[in-house]
Amino acid sequence: LVLELNQVIIPTYGTLPDQQNLHTPEWVDFDDKPDSLFFKDGQRRIDFVLVYEDESKKMTHKRSDRKKQKRKRQVYESNLINNGLQLEATRSVLDEKLIFVKVHAPWEVLCTYAEVMHIKLPLQHNDLKTRHSAFNWFSRLFRVDENIIKPEQEFFTAPFQKEHLSNFYIQDKDTFFNPATRSRIVHFILSRVEYATKNNVKKFGISKLLDTGIYKAAFPLHDSSFRHQSTDPNCPSERYLLYREWAHPKNIFKLQPLDFIRKYYGEKIGIYFAWLGFYTNMLTVAAVVGVGCFLYGCLTKDNCTWSQEVCDPNIGGNIIMCPQCDKVCTYWNLTITCESSKKLCMFDSFGTLVFAVFMGIWVTFFLEFWKRRQAELEYEWDTVEYLEQEEQVRPEYEARCTHVVMNEITQQEEHVPYTACEKCVRMTFCTSAIFFWILLIIASVVGIIVYRLSVFLVFSAKLSEHISGTEAIRKYLTPQTATSVTASLISFVVIMILNIIYEKVAILITDFELPRTQTDYENSLTTKMFLFQFVNYYSSCFYIAFFKGKFVGHPGNPVYWLGKYRNEECDPGGCLLELTTQLAIIVGGKAIWNNIQEVLLPLVKNLIGRYSAAARSEKVVPRWEHDYHLQPIGKLGLFYEYLEMVIQFGFVTLFVASFPLAPLLALINNMLEIRLDAWKLTTQFRRMVPQKAQDIGAWQPILQGIAILAVVTNAMIIAFTSDMIPRLVYYWSFSVPPYGSHSSHTMKGYINSTLSVFNISDFKNASKPFSPWFGNQTTCRQAYRDLRYPPGHQHQYEHNIYYWHVIAAKLAFIIVMEHVIYFVKFIISYIIPDVSEKTKSKVKREKYLTQKLLHENDLKGVKKTMGKIADKIIKGADSTFRPKDE
């Protein structure tokens with residue numbers, strides 16, 4: 001709703017109306033009470049604070065601009081007063097140029113807008129008995145002491161209506177609306193009050209005034225310092241309690257006080273920390289299984305026959321490998337890859353297969369149990385019917401509603417911001433912009449691939465010369481490793497740069513779309529950002545996992561990129577180890593980058609601001625001025641926290657077959673992340689405007705999409721990236737007759753059987769190496785397992801029967817694994833309902849009692865009214881028929 005309550009507007013930025021028609025805030029001096037949350041009279045609570053710089057002392061703008069800014073501000077403040085808000089202005093203690101305007105919403109204003117916003121408020125105490133879990137005694141060990149943070153009282157609630165005021169549980173008018181609700185109502189008003197018109201377009205809302213610099217800040221107050229309790233006896237010091245019992249690092253193993261977080265910061269913050277805590281707890285199971293599978297790989301690596309053959313000087317030492325690039329690369333010995341083959345045995349084991357299947361099922365349990373937990377929170381936090389009843393239209397949407405259409409349901413006229421044709425044009429433009437940026441990312445990935453191909457030539461020719469005297473370094477720093485690490489680092493830098501640019505583009509596109517509600521806006525932005533981030537973060541991993549080394553030809557007939565760059569080859573053990581390296585660099589670099597961005601930057605900014613105010617230690621500073629010097633939370637709120645965790649969720653699930661320790665690293669990171677985010681909110685940032693939220697929004701379907709895709713990617717990693725299927729085919733079919741010469745199933749001879757032979761005389765001039773051939777051998781082996789017939793065979797260099805057996809086994813494995821896991825996922829989803837029977841009963845019981853209570857109270861009111869009318873009628877009848885006394 002756009003407010004129409006006697007607002008004074010500057011017409012087309014013209015002359016200011018008579019100053020006598022404008023209401024101005026009451027000016028007062030600071031009363032030296034640093035912890036006070038009230039106006040100077042000590043009665044009216046401060047619900048919001050606006051900060052501006054005195055226009056007469058500004059030196060950065062022209063005088064005419066300063067006058068315009070002052071007029072707009074004065075009109076805006078006058079309109080706030082016209083809408084029932086009370087304002088009190090105080091000059092800054094530390095900076096005379098700053099003015100703090102404190103805003104208070106009286107009882108009548110709160111009641112009016114609580115009804116407009118459909119805010120649910122308590123009717124009576126909840127009489128439903130809570131059944132405690134059998135593990136309640138155990139969880140109590142990790143909970144916050146109930147004597148410190150008392151549990152919230154449970155009430156039956158209903159959307160507020162002034163006409164039913166007597167039905168609500170009102171013990172004290174000053175506490176009936178808690179501080180979070182009061183701030184939310186005031187922000188609703190601030191976002192819709194007008195301050196000017198230009199070309200018949202209304203200008204309104206605190207957001208635009210902040211963007212244009214008329215106001216420097218607008219925020220609700222923290223209720224105390226986080227370091228100590230408030231000296232004001234009327235202040236509960238909830239911020240101090242949150243810091244001590246939640247944000248402090250000592251609480252890393254404690255459960256979060258979610259109800260208390262929700263009470264102080266609102267449902268939107270509460271649901272984020274509830275989800276993050278639930279995700280972290282579920283990661284505990286995945287981490288334990290992942291560590292078990294990794295330990296299995298470590299314990300069995302010494303029994304890895306194929307790795308032993310690579311390291312054996314009599315087997316691997318006698319195998320000469322063909323050059324991996326044209327001309328400048330040399331022949332090399334297979335034993336060079338001994339160390340990498342040992343590492344690969346730890347990750348490419350049977351335990352990896354078990355873990356990949358387990359994670360496909362784990363993610364289903366995680367999502368299904370989260371839905372149940374989310375349904376419980378919806379009931380407990382009164383957001384069950386939030387979207388249908390309570391969410392308001394965005395003021396930016398309302399301001400553009402100039403077209404009239406007929407509502408098909410109500411058959412009444414309503415205003416919309418654009419016609420159907422304009423909507424199609426907007427959607428087409430936005431979709432095109434998104435695809436353009438995705439293509440830009442793909443172009444950057446192609447650039448990284450070209451870098452890999454070109455720099456490998458340089459490392460192959462130069463690296464051995466520079467480190468020839470250091471055998472220990474040469475053992476580990478191979479051309480493949482150097483290329484992989486440097487390409488991963490460059491990829492990480494490109495990812496971060498594109499992120500910064502695309503963030504601004506995504507916001508502009510979403511603003512242009514003009515979504516109707518804040519939830520629609522956030523969901524639209526979330527979808528765009530994640531689609532971009534998905535391609536940005538995961539494209540290099542998909543390339544290594546599914547494309548690198550798959551289309552390389554053979555030494556006599558290699559495949560070239562763009563007709564110039566020879567395709568990359570994997571190590572003889574495959575690209576799995578390189579994929580693990582890529583994941584470690586991106587995930588590790590991303591975690592470090594995010595921590596610097598999220599923690600160090602606001603901390604440094606606050607320290608600079610603190611030391612720049614040299615007089616701070618000498619003067620008593622009010623609470624609103626302390627909060628002003630904290631960092632603003634930003635328009636996107638917790639968007640980046642969600643994005644960071646969902647990207648991590650993708651790495652943990654999509655590529656877990658290559659790195660079983662990923663859930664353990666994610667668990668450790670998340671345990672720290674919860675406390676870092678809590679510390680950041682309570683100590684470094686201004687208090688957020690409390691907002692309602694029913695669920696985690698568009699992130700829920702994104703998580704479900706990742707869970708479905710993860711089954712496919714892990715199956716394909718095991719089939720095409722790891723060496724598991726070729727080993728199994730060799731063990732069961734090609735180690736024994738008719739294809740093999742061993743009497744029993746064994747892995748012996750696997751390396752010799754899978755590295756195809758190539759005659760060096762078949763090299764073309766374009767790819768023939770400069771370095772001379774050594775020894776009497778006339779053949780070399782392909783540096784990757786391509787399974788081709790040897791030279792001299794009638795089908796030389798064509799794929800042999802072993803290759804086709806492996807391809808068939810890989811495809812069969814993918815189909816079987818996918819169908820088994822998807823079937824189990826379907827069964828789990830069917831068995832576990834999204835809402836538990838216990839929660840359903842609570843919701844139904846609350847609706848029944850709420851309707852009954854309101855109905856009974858209405859009947860009582862009617863009876864009471866009718867009784868008075870009946871008494872009057874009877875008295876009137878008695879006086880009419882009673883005989884007159886003579």
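Count begins at 1; order follows the chain as displayed.
Using the three backbone atoms N, Cα and C, a Cβ is placed for every residue, glycine included.
Summarising the annotation, TrEMBL assigns domain 'Anoctamin dimerisation' to 38-258. If you average pLDDT over the domain 'Anoctamin dimerisation' (38-258) in this model, you get 86.
According to TrEMBL, the feature domain 'Anoctamin transmembrane' maps to 261-846.
Sequence annotations record features per position, and here TrEMBL assigns transmembrane segment to 272-297 (among others). If you look at the transmembrane segment (272-297), the same-chain residues 6 or more away from its ends with a CB under 8 A from one of its CBs are 255-256, 258, 261, 345-352, 354-355, 358-359, 362, 365-366, 369-370, 373-374, 377, 638, 641-642, 645, 649, 652, 656, 660-664, 666-667, 670-671, 673-674, 677-678, 696.
According to TrEMBL, the transmembrane segment annotation covers 350-370 (among others). For the transmembrane segment (350-370), the list of distant contacts is 275, 278-279, 282, 285-286, 289-290, 292-294, 296-297, 652-653, 656-658, 660, 663, 703-704, 706-707, 710-711, 714-715, 717-718, 722, 724, 817, 820-821, 824-825, 828-829, 832, 834: same-chain residues at least six beyond its ends, Cβ to Cβ under 8 Å.
With a threshold of 8 Å between CB atoms, the same-chain residues lying at least 6 positions outside the transmembrane segment (434-461) that come near it are 323-326, 328-330, 479-480, 482-484, 486-487, 490-491, 494, 498, 502, 505, 509, 528, 531-532, 535-536, 539-540, 543, 561-562, 565-568. Residues or ranges marked as transmembrane segment in TrEMBL: 434-461 (among others).
Residues 437, 440-441, 444-445, 447-448, 451-452, 455-456, 459, 463, 529, 532-533, 536-537, 540, 578, 581-582, 585-586, 589-590, 593 of the same chain lie 6+ residues outside the transmembrane segment (481-502) yet bring a C-beta within less than 8 angstroms of a C-beta in it. Per TrEMBL, transmembrane segment is recorded for 481-502 (among others).
Residues or ranges marked as transmembrane segment in TrEMBL: 645-668 (among others).
Annotated transmembrane segment per TrEMBL: 702-721 (among others), in sequence order. Within the chain carrying the transmembrane segment (702-721), a Cβ under 8 angstroms from the stretch's Cβ atoms is held by residues 352-353, 356, 359-360, 363-364, 367, 526-527, 530, 544-546, 550, 574-576, 579, 646, 649-650, 653-658, 810-811, 813-814, 817-818, 821-822, 825, all 6 or more beyond its ends.
Long-range neighbours of the transmembrane segment (811-832) within the same chain, counting only residues 6 or more positions beyond its ends whose Cβ lies under 8 Å from a Cβ of the stretch, are 356-357, 360-361, 364-365, 368-369, 372, 707, 711-712, 715-716, 718-719, 725. Marked as transmembrane segment by TrEMBL: 811-832 (among others).
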